[in-house]
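Chemist: Attaching a single structure in structure tokens format; questions to follow.
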Amino acid sequence: MLGLRGTSSVGSMHKSLWLIVCSLVVLPMVEVYGFHHAQSSAETDGPFRVDEEDALLTVPQLVWKYGYQIEIHEVQTEDGYLLDLYRIPGRRAASGQPAQRAYRNAPVLLMHSLLSSCADWVLMGPGRALAYLLADSGFDVWMGNARGTRYSRKHLRHDPDRAGSPFWRFSWHEIGLYDVPALIDHVLAVTGRPRLHYVGFSQGTMVFFVMLSQRPAYNSKVIDMQAISPSVYMYRLEGRIVRSFVRLADPLVDALGAAGRHEILPNNRYFAPLSQLACADANVTLCRELIYDVAGRNPPQVDDKLLRIFLGHFPAGASLRQLHHFSQIIRTARFAQYSSEPLDARGKRKFARQRPSLPPLYNLTRALVPVVVYYGLNDHVVNYRDALQLADEVPNLAGVYQIADRLFTHSDFILARNAAQLLNAPLLGQLDQYDRQEAGY
């Protein structure tokens, strides 16, 4: 295809969300529009250079372990949230390679997917994970963490652990409206650069378009947008588990909200050891089958050890409203703002006192930066037609890249054995091109 373009029942319900909603993250190329073919999926990138203990380490610990410099920045948003922002300014000699500082013309900001964290960008280890490849290529790498994740459960006034705390009254709308602009402003202030490159995966793409829809002045601060499995449109998704969640979302949200459960699937120190047991080689089939239903089936790309490491970092937490907002855009096929009232299939509020109204759409025409879209044909979360619909609607489409492996899934973008060659290599080529242009900006 041419790609141009509470109670015990409530408690059990809360636990079951692990199976139902993990698809929204884990479980976001044929030569197209000026790109070149990536390595064939039949070839291999070689073994991952990772250890089982990586499941138990934090992202800063992982970055330091594998020989890279790490800085921890705390960024305050306009509405008082405190976000961890991690910087990889270069490589240490301890990496087994010569020490190196960033020398490119502009920094890169990476934004993660739903229920995950910036761990998305480092789990595959050196030589494979995008953050390390960028640092090796001389980029100043910054990894954001959205509010509500394990690294950003902080606020000037609100305690996230207090029952009924206002802390959790946000969806991904606020992440786009407040978090992403604050992160961009901080990166530019620290580096002294006028603009940056932006790379988003899944939710990390949609919050970017929320930002530009609501705050179009930020177009001037971004050089290019690399959109990996963009979850702006998701209504053609195929996973049975997530479709079940979408059908049950309104009563689930009501029940959990009434029970005071506004945080969903936080990172738990017991989960990593449990996943090591549940997904051990002897009985890893169950974990694989879960990912296959949620993200898509591509067995040759799944590494069981890396899967266990990933489950030490995922889930990383989110708000109940965040997941509810996802269910609304899936059910209504509209990239629109959140409604606290139930919506019908057409996106109208069911119980509006006056004439039923539609939540406002986000205006994609305000996103004026060059956008490159990367998609997989076997992505159960962001169907390739949904990705191409976004490509049709952005005003400055710079390219569309279909992953060469026709079985490439949503989780493969950050976990696949061949992701370094199938995705990261061509993406680095795009960033290199835009960074060279930036020299004459």
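Using N, Cα and C of the backbone, Cβ positions are placed for all residues, glycine too.
Look at TrEMBL and you will find SER202 tagged as active site, nucleophile. Positions annotated as active site, charge relay system by TrEMBL: ASP379, HIS410. The domain 'Partial AB-hydrolase lipase' feature in TrEMBL is assigned to 59-124. Among the features that TrEMBL reports, signal peptide is placed at 1-34.
Quick one: how deep are these features, and who are their neighbours?
Modeler: Take the CB of SER202 (active site, nucleophile) and look out to 10 A: across all protein chains shown you find 29 other CB atoms.
In the shown protein chains, 27 other C-beta atoms lie within 10 A of the C-beta of ASP379 (active site, charge relay system).
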Chemist: Quick one: give me the count of other CB atoms within 10 A of the CB of HIS410 (active site, charge relay system).
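Modeler: A 10 Å sphere around the Cβ of HIS410 (active site, charge relay system) contains 34 other Cβ atoms.
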Chemist: On the DSSP side of things, how many residues of the domain 'Partial AB-hydrolase lipase' (59-124) fall into helix, strand and coil, could you say?
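Modeler: The composition, in the requested order, is 14 helix, 23 strand, 29 coil.
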